[in-house]
Every structure is written in structure tokens, then in C-alpha cells.
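*Asks:* Sharing a structure with you now.
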Amino acid sequence: MKYTSYILAFQLCIVLGSLGCYCQDPYVKEAENLKKYFNAGHSDVADNGTLFLGILKNWKEESDRKIMQSQIVSFYFKLFKNFKDDQSIQKSVETIKEDMNVKFFNSNKKKRDDFEKLTNYSVTDLNVQRKAIHELIQVMAELSPAAKTGKRKRSQMLFRGRRASQ
């Protein structure tokens with residue numbers, strides 16, 4: 001009886017192990033489809049190094065990586081937009097975009113819509129240029145870490161002051 005249970009356990013391991021190949025994220029199959037479409041599996045693609053992977057390896061801190069990832073995701077959205085009418089890869093593109101939505105935007109539609117709005121602004125549009133310059137000082141203030149930490153210190157000091165006076 002002991003050997004029978006070992007054999008059944010072994011067979012179960014084999015079945016579960018073989019299922020692992022089929023349980024990949026949906027984007028893997030679709031990315032392979034895009035590789036075939038773009039002939040991206042050829043050795044000449046590796047010439048002159050990588051586009052994104054080397055950059056991502058340079059940044060270890062999560063906030064820095066998010067900045068780089070946002071630019072990379074923006075690139076892919078623009079790339080996919082160029083091929084939106086190509087029916088042979090439409091399913092692959094949509095699957096990958098949806099998976100990016102889940103992974104990068106945490107399935108937050110508002111965040112994704114705002115991100116796409118930002119990436120779709122044309123820097124050659126005069127109206128966009130004027131609005132961007134008009135908002136520049138406020139945007140720069142938002143970027144400054146000193147402005148954010150200064151507010152936090154003030155509110156902490158007020159809180160501590162109240163505690164001391166009580």
C-alpha cells in the first residue's frame with residue numbers, strides 16, 4: 001500500500017509540474033506572438049544592448065524604478081497605438097495592454113486614463129505649449145521634495161507644541 005501512495009504522489013507531481021507550463025500569465029503567449037510578428041527573435045535584435053532592461057537594472061529604489069517604468073509603459077502604449085488597425089496582432093496588443101493596466105496601474109482606470117492623457121499631449125501643439133508654460137511654476141513646486149517635507153515638519157511641530165502645552 002505504501003508504494004501505491006508514493007506512485008500516486010509521484011504522478012500528481014508530474015501532472016502539476018506539466019500544468020505549470022500552461023499556467024503562464026496571458027501576456028507571455030501574446031508577447032511571443034508579437035515577437036514573431038516583428039521578427040524580434042533574431043540575433044541582430046540584441047546588437048547594441050537592451051533598450052529598457054539595462055536602465056531598470058540601474059535603479060533599485062522603488063520610486064526611481066516607477067519613474068523609469070512610467071516612461072517605458074508610455075513607450076509601449078505609443079508603439080501599440082501605431083498598430084491598432086493591424087488585425088493580425090490586435091488580440092495580442094489588447095491582452096498586453098490589459099495586463100499592463102493590472103500590473104502598473106493596479107487596475108485603476110482613472111490612473112490609466114490620466115496617464116494616457118499625459119502621454120497623448122503633443123509637444124508641437126501651440127496651445128499645449130502655452131498651457132504647459134503657464135503651469136510650469138506650480139509643477140516645479142510639486143516636484144520639490146523640500147516643499148513636501150516642510151509642510152510635514154510644520155504640522156509635526158504644531159502637534160508636538162499642543163502636546164507640550166496640555
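Glycine is treated like the rest: Cβ placed from N, Cα and C.
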*Asks:* Of 107-126, 147-166, which span is tagged region 'Disordered' by Swiss-Prot?
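*Replies:* Range annotated as region 'Disordered' by Swiss-Prot: 147-166.
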*Asks:* Labelled pyrrolidone carboxylic acid in Swiss-Prot - which residue from GLN11, GLN24, GLN71, GLN138 would that be?
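*Replies:* Checking Swiss-Prot against GLN11, GLN24, GLN71, GLN138, the pyrrolidone carboxylic acid entry points to GLN24.
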*Asks:* I need the least crowded one of these glycosylation sites (ASN48, ASN120), counting other C-beta atoms within 10 angstroms of each C-beta.
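*Replies:* Per-residue Cβ counts within 10 Å for the glycosylation sites ASN48, ASN120 bottom out at ASN48.
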